[in-house]
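This report concerns only the one structure given below.
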Amino acid sequence: SLVTMFILTGLPHAPALDTPLFGIFLVVYVLTVVGNLLILLVIQLDSHLHTPMYNFLSNLSFIDMWFSTVTVPKLLMTLGSPGGRAISFRSCMAQLYCFHFLGSTECFLYTVMSYDRYLAIAYPLRYASMMSGRTCALLATSTWLSGSLHSAVQTILTFCLSFCGPNQIQHYFCDAPPILKLACADTSSIEMVIFFSVGIVASGCFLLIVLSYVSIVGSILRIRTSEGRHRAFQTCASHCIVVLCFFVPCAVIYLRPGSRDAVDGVVAVFYTVLTPLLNPVVYTLRNKEVKNALLKLKDKVAHFQRE
């Protein structure tokens, strides 16, 4: 490739908004990292949370922390100075791989989490044996391996082409659709392969999640006590909220063929910046066990400071 450096155009906005946007995204990023680290710490320290559900939640928090780190710091650099828009060819390739790796893994993890909730609600007495520690570890590992493989396909297909100029990427991070526009070759076949690849993964995972929740609703309605039904619905509602916030923007960007415009950059903010922050907020505010664990941790810290 003749191009050794790309230029990220960043988010479409008026130059006067550089400083306010920089401050907003910096605060969101710090809150995202701190919030997800706090969930990881709480789950690790509280023995009552050493269950499959919270094992998957800790994986989700770890992914969200790094998913945000892959894109937001570079976004802050593009807002901070004109020189921050430049990114080397290899760094761009690494960013695209990490972005799709973590995004695909999160997609698979949401599917596994819905299956876990289905087993917990539909088979409460057999849940411990069906979702053993070994099964839980196997499912979690498979999500990471599948995400890595899927991302490798996206990265290889994108960067197997030659780039001879121009080098301006119409986005705030390196992603396949805007990069393919810069290739010095016909990319229609590769675009279709990526479209179907992402489509099969995203639509397949979403379909499995929907099927799981259809079964879950049927199982909840068979619960005799209103308290039991309310608790089950509350647990599943948290998962449904973050799933919709992740899949809907992805579908808007990746599951529509044809040209993509600057609006995609704004839509991408929802699942690259806001969703990683939303996960710890939703699972903390709507989950009584996590809130109790946070209170215990707070009491321990206060006791340690008094001593």
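For all residues, glycine too, the Cβ spot is worked out from N, Cα and C.
As written in TrEMBL, here are the features:
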TRANSMEM  20-42  transmembrane segment
DOMAIN    35-283  domain 'G-protein coupled receptors family 1 profile'
TRANSMEM  54-73  transmembrane segment
TRANSMEM  93-113  transmembrane segment
TRANSMEM  192-221  transmembrane segment
TRANSMEM  233-254  transmembrane segment
TRANSMEM  266-285  transmembrane segment
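For the domain 'G-protein coupled receptors family 1 profile' (35-283), the predicted model reports an average pLDDT of 85. Panel annotation: around the transmembrane segment (54-73), residues 25, 28-29, 32-33, 36-37, 39-40, 43-44, 95, 98-99, 102-103, 105-106, 109, 112-113, 116, 136, 139-140, 143, 172-173, 272-273, 275-277, 279-280, 283 of the same chain, lying at least six beyond its termini, place a Cβ under 8 Å from a Cβ of the stretch. Counting Cβ pairs under 8 Å to the transmembrane segment (20-42), the top-ranked stretch among 93-113, 192-221, 266-285 is 266-285.
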